[in-house]
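Per TrEMBL, the features are as follows:
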type     : residues                                                   : note
BINDING  : B:THR158, B:LYS184, B:THR195, B:GLU281, B:ASN403, B:SER408 : substrate binding site
ACT_SITE : B:THR195                                                   : active site, nucleophile
Protein chains: 2
Amino acid sequence: MKTLERNITIQLVKQGNILSPKGFKAAGLHAGLRYSKKDLGMILSDTPASCAAVYTQSVVQAAPLNVTKESIHTEGKIQGVIVNSACANACTGEQGLKDAYEMRNCAAAKFGLPDHYIAVASTGVIGEFMKMDKIKQGIELLEPTADGADDFEHAILTTDTVTKHYACQTEVDGKLITMGGAAKGSGMIHPNMATMLGFITTDANIASADLQKALSEITDETFNQITVDGDTSTNDMVLVLANGQAGNSQLTETHPDWPQFVALLKQTSENLAKEIAKDGEGATKLVEVNVTGTQTKQEAQVLAKTIVGSNLVKTAVYGSDANWGRIIASMGRSGVTFNPGDTTIAFGEITVLQNGVPAPFSEAEAKSYLEEPTIIINVHLKEGTAAGTAWGCDLTYDYVKINASYRS
Amino acid sequence: MKTLERNITIQLVKQGNILSPKGFKAAGLHAGLRYSKKDLGMILSDTPASCAAVYTQSVVQAAPLNVTKESIHTEGKIQGVIVNSACANACTGEQGLKDAYEMRNCAAAKFGLPDHYIAVASTGVIGEFMKMDKIKQGIELLEPTADGADDFEHAILTTDTVTKHYACQTEVDGKLITMGGAAKGSGMIHPNMATMLGFITTDANIASADLQKALSEITDETFNQITVDGDTSTNDMVLVLANGQAGNSQLTETHPDWPQFVALLKQTSENLAKEIAKDGEGATKLVEVNVTGTQTKQEAQVLAKTIVGSNLVKTAVYGSDANWGRIIASMGRSGVTFNPGDTTIAFGEITVLQNGVPAPFSEAEAKSYLEEPTIIINVHLKEGTAAGTAWGCDLTYDYVKINASYRS
């Protein structure tokens, strides 16, 4: 039980996932896009769900994003999400758009839904065409069930080494609201907006426009604050489906429990984001950077993300080397103005720079701390009272290995 | 003999260096800052030289930059440059500034020059104090000679694997003007302005203000267009010394041979920049990205530098994998607006994307091309007629190895 400001209480659902909320089913299977792993997944709500989404801010956007946008904009409702891995269907021109529509419409036909009740997402190699025969055959075989979350989670993975899921609950109007999520990384992770694929389900009753407000509000401090390699995908998308089956009175910004709902969405998103960072390609450690004492929240977020995204900081963390000079050097190029002479840096509780002056510390102690699976870097400035956090991972031999041969 | 626009002819000086121009001497020795390698170097002009400089745009600037700026601003003349490796003298507070002044003043005393005729540069680990006793002992032993260029080039290296030097000549007023350069990389290379340390000497006759104009003009398309790892150092500096011994009438922007001189400086800078990129930490290949068909030169430069700086592109080049999807994906997040449907991408002469549509190409042929030591990526858009180039290198296991243990 975690208590947040305003007495918001959120309860973790142990081993929870996208099927923890009421009224959702899921499936995942091997359609033949990948050699042997699952590659086609589906989430299905029993009833049409309010839907909100955020997408990559890349100039280059994959075809499925256009199709999903169109679906959502038609009525603000989505009942099914069809997802494939192995092929991104990006930079595939008119054929790619045609394929994305066909994928949507096949899924709609299979489950007897209007075309615009289906959202489409793809992830994988850019610039290759979809194997539509396999996609269509696969869709025919999809049978979402109440225990299909694990299959779905596997079907959306690319270079990820583990599935990513989370669920939590809170009370609204005295009704229990549950939220669950699934996500995949793990390269091209450096969201300008979303990053990767994220799917969040909830049984809360909320209109699409309000759901979109909540999602937009928390994206900048959750999904947008992780980075694995500085590259933003053409396919990034986070979808939230709310099917209203919890029976609460409809949530709006003026509802007394609105902060409760936003906190639920933030906690789900932050946990999925951290899981993605932790499973970054080749990563051995999760790195969290907290920056405090800036004039604005945005400055703190930019500083935190610049530090956590620095190749030199990432390799130092991999080597368990308390090389704090690389931290302040990356801050210097972040575009944020600050006084280096007022800067304090600590690895966890071990202060290495105090008000701009190198602080004596035990190298052995620092090295020992940096060998842990989660590294926290704390930076404090004296410019103001704002704060921000970002998450990332170390840069390892395996990152190079994975990416020197991903397509082949 | 390379012919540029406006009939500018520039002659390469084979195996040339900072001592190719008239009236310069250099030295380099082991002062004891490093275990056994040379770590202290000096360039000395026979006479006071006009001086121009560009510095890191990082908010965090090392002490020697402040001292060098003060020296140059006093009279616009520099006669000697003292440089150490092993210690960056950055984030060292008041003590660091005091040390940088002392280093300058000791060098001035040793050669009987006014303090402000000496420029100071440092490179190495951030956040450690200078071993001033060794620096001072070393300065006493420096004896610049006409064949000390190689010693100097070695003394300024850190993780570099080779020395970097270049020289070329042109005619101004019928007088032969020679220009030479030395530089060091090879991590924290991602200039906002300079990057790394670069030292350029010339015997041209030109006032400091005009020299500064020429340097500022060419920096954005040379030193600022290379990247090794996206990190900008606290110590980046490029210094140009012009001692006037070639005997030409003083060069100004209205001098008919001004373009000749700017081209000479550009060629020297571009070659030093490319040598730095090629010797990037762990690099096995030089990557050149040419972008054409943008509305502005700056857009082309941003696109080229984003592509060449992408970890995913860099690892694909290392793996000789023609994974062009990563190229267009990085372009998409560059901040530059363009139509993906009008984009053409080629590895050398091998077109892989033609007007936004995947082009059929021989994977074997592409792989063979990508195994060469220099890889050229050509990107053409249809937004305008501007063009830009950037240089970088591949991302390899050795980059990780070098940086996971640099400080230790």
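Glycine residues also receive a Cβ, built from the backbone N, Cα and C atoms like all the rest.
Sequence features annotated in TrEMBL and their locations in the structure.
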residue: B:THR158; record: substrate binding site; Cβ within 10 Å: 22
residue: B:LYS184; record: substrate binding site; Cβ within 10 Å: 27
residue: B:GLU281; record: substrate binding site; Cβ within 10 Å: 28
residue: B:ASN403; record: substrate binding site; Cβ within 10 Å: 28
Within reach of chain A, those binding-site residues of B:THR158, B:LYS184, B:GLU281, B:ASN403, CB-CB under 8 Å
B:ASN403
Please report the three-state DSSP label of B:LYS184 (substrate binding site).
strand
Need the DSSP three-state call for B:ASN403 (substrate binding site) to compare against my parser.
helix
